[in-house]
Amino acid sequence: MEATTSLLDAAAVGDLVLLDPLTEELLLHTLQERFRRSDIYTYIGNVVISVNPYRPLPIYTPEKVQEYHNCNFFAVKPHIYAIADDAYRSLRDRDRDQCILITGESGAGKTEASKLVMSYVAAVCSKGEEVDKVKEQLLQSNPVLEGTCPTLWAMAEPRPAPPEQLKLHQDCRHYGYLNRESSGLPGMDDAANFCAMQDAMRVIGFSPAEVTALLEVTAVVLKLGNVQLSSSFQASGMEACSIAEPQELQEICELIGLDPGVLEQALCSRTVKARDEMVRTTLSVPQGYYGRDALAKNIYSRLFDWLVNRINTSIQVKPGKQRKVMGVLDIYGFEIFQDNGFEQFIINYCNEKLQQIFILMTLKEEQEEYIREGIQWTPVEFFDNSIICNLIENSKCGILAMLDEECLRPGVVNEDTFLTKLNQLFATHKHYESKETQNAQHVMDASLPSQCFRIHHYAGKVTYNVTGFIEKNNDLLFRDLSQAMWASRHALLRSLFPEGDPQKVSLKLPPTASFQFKASVATLMKNLYSKNPNYIRCIKPNETKTAMLFTPELVLAQIRYLGLMENVRVRRAGYAFRQLYDSFLERYKMLSPRTWPRWTGSHREGTEVLLADLVFPREELAFGHTKIFIRSPRTLFDLERRRQERVAELVTLIQKIFRGWRCRTQYQLMRKSQIIISAWFRGHMQKNKYKQMKRSVLIIQAYARGWKVRWVYRRYFRSEASTRLANFIYRRLVQKFLVGLARNLPPLSVLDRTWPPAPYKFLADANQKLRSIFYRWKCKKYREQLTPQRRALLQAKLHASELFKDKKALYSKSLQQPFQGEYLGLTQNPKYQKLHAV
């Protein structure tokens, strides 16, 4: 209930497909409102948008893992665990290889998202000593690689990725690397991260010697960036370069076990073949720096490949067990900077390809669902960015092909000739422009410099500066540098440069950077097409990484870069909402008296009856084999509004019925208790009355016996013998009298003055005494049971009786029964006080 309400909250819908109307402003407002509520995840269909909160949130607990385990994707609130669970269940239950693509800017939370996905899958997959060990090794690979490699899972067990899948990420990190600040190696400047990385390597299975070797090669990369060159001139007048500070070079050579002279010669000169002879030529300072940077980049690249292969070896699944694969791809998002160069160009090319595959596979998925459900598929209009991809990657006349051609052709080669060729080829291309093409079309645009060209990407226009394109694309490693690395005594570094072996010298030119990158993208696309894709779009809410700060302008730019509007348009093409019949009927059945409170037919029939009673336009609905399709979000929100109103009515009804039931139950319980208490009380009162009557009889008997004995003794008997006889006779007579009296006692009513006569004349006085005592006793019991109110009323009547007594001639006749309060002890007259006390 909570999840569905979140998805259908009109103020901040959980699924952007339900936006109405669909505008950039409303989409941005929805993300901002949800972010304000700490709802950092939002859906576009089954795509998850994640806005980095830059602070911990209590939504990643073990309880949350259990909540999202084996859940329906749309039955819970938007969460990264939902897409991870959906991908894992598709992998496990439907035998479909999965891939989760995580994109976004630097600082948007891509690495954290990949960690959360992997930790979730590790938590819910199968258990076992070997599996747990592999899962722990896999999770610990994050501090080592820091999100630069995809992670694969086989069956319910972790499995590594082949190296070619990782090449793309390494290439993205590779370009522009020069020194410590731009190295991109995680944890090198932070002691805590460095210790975490070492601990992770130990868990993965790295030996101490391997860790030391890895750190030494990493130190070589960093120190190479600090090597400075100085310029000098030879006797021939040609410029030559040399090491400005030999100390830096000496430290590098000590780490790798290499003669400093060999490394200096490799950095400052180059061996070329001329007329079947090997000739060494000196390098200028720029050429020397080029060689130094190329060496650093190659060491970094090859060390990364070695690191990935080493981790793969540690967590390799046993042969014969691999059946299913799930990949997690963490990659740079679209980039538009103030100054965009070769790095941004290839990254944006990759994102253009990812956008292409997203659109095509989303449409394919939509079309397949329509066919499965028997719904007529209508072609969807969308922006096909294949024209942009072809502009960049065409093997004959694409930008990358022209760049390779310029790099490999003889003669003077620079960025000017490259840009000129582009202007000639794409002068009329609607997604390409430069200063020259604008001039030809008489367009004035001061924002486009002469050394730049602009491409109209799916995410917007990006201006690229061609300066450095040729140099960064060549990225060639001189053969002398490879041979110098092979000559070192450092086993790991030596293994990274097998081509440096003099016995394996190849004269073939290495491939250019653009060629390698294009091949990596092609391999990636092939892998993605063979798997079921899942998408996570990460957004950076502010530039300062401040907790819960949302900058609308920055987020709007990323909305455009990530193509979210296009994603929503494709997702809501045709029918914006669809749901299984049973879930739909369960949620909305209270809206029709024919389906509420229970429906006995099929779920589809119930849904048809329900919607027929609600009278929606026919074009708004489509009935599939297992799902109901609703075209516009407005219809869905109207349905939800009616449901909320009906729920309020039902809540009131339930409350009314419950309160009535509770009152009846309480009344019946009280009545039953009162009956039980009354029964017990009456029994108790009867017992008390019997005891009191028995005690009264005993008192009367004792009193009468004593009085009669004294009387007989004084009157008739004087002698001792006569006294004994008199006592005997007296006891017999009194006993007989009292036994008879006990059997014939009059009623206990105070109005009853009857009394049995004495059987013997000598008992007449005693009988009168007993009568008086018994009547006073009855009056006393009557008074004790009077309430204070009743007593006051009777006293008032007594006073009235005394006031009118002997003063009104007809008073005695006006009373049916004279009031005799003195016998009841109610009078205040002093002459009755003694009697009252008795």
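Note: Cβ is positioned from N, Cα and C throughout, glycine not excepted.
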Of the residue ranges 406-428, 521-543, 682-704, 751-773, the one that TrEMBL records as region 'Actin-binding': 521-543
Name, in the order they occur in the sequence, the residues of the same chain whose CB lies under 8 A from the CB of Glu105 (ATP binding site) and which sit 6 or more residues away. Tyr332, Gly333, Glu335, Cys538, Ile539, Lys540, Gln558, Tyr561
At a 10 Å cut-off from the C-beta of Gly107 (ATP binding site), count the other C-beta atoms across all protein chains. 16
Remaining residues near the recorded ATP site, that is with C-beta within 8 Å of the centroid of the site residues Gly104, Glu105, Ser106, Gly107, Ala108, Gly109, Lys110, Thr111: Asn52, Gly333, Cys538, Lys540
DSSP-derived helix, strand and coil totals, residue by residue, for the region 'Actin-binding' (521-543): 9 helix, 8 strand, 6 coil
Tally every other Cβ atom lying within 10 Å of the Cβ atom of Ala108 (ATP binding site). 23
Averaged over the region 'Actin-binding' (521-543), what pLDDT does the predicted model reach? 89
Within 10 Å of the Cβ of Lys110 (ATP binding site), how many other Cβ atoms can be counted across all chains shown? 25
Least Cβ-crowded entry, counting other Cβ within 10 Å, from the binding-site residues listed as Ser106, Thr111: Ser106
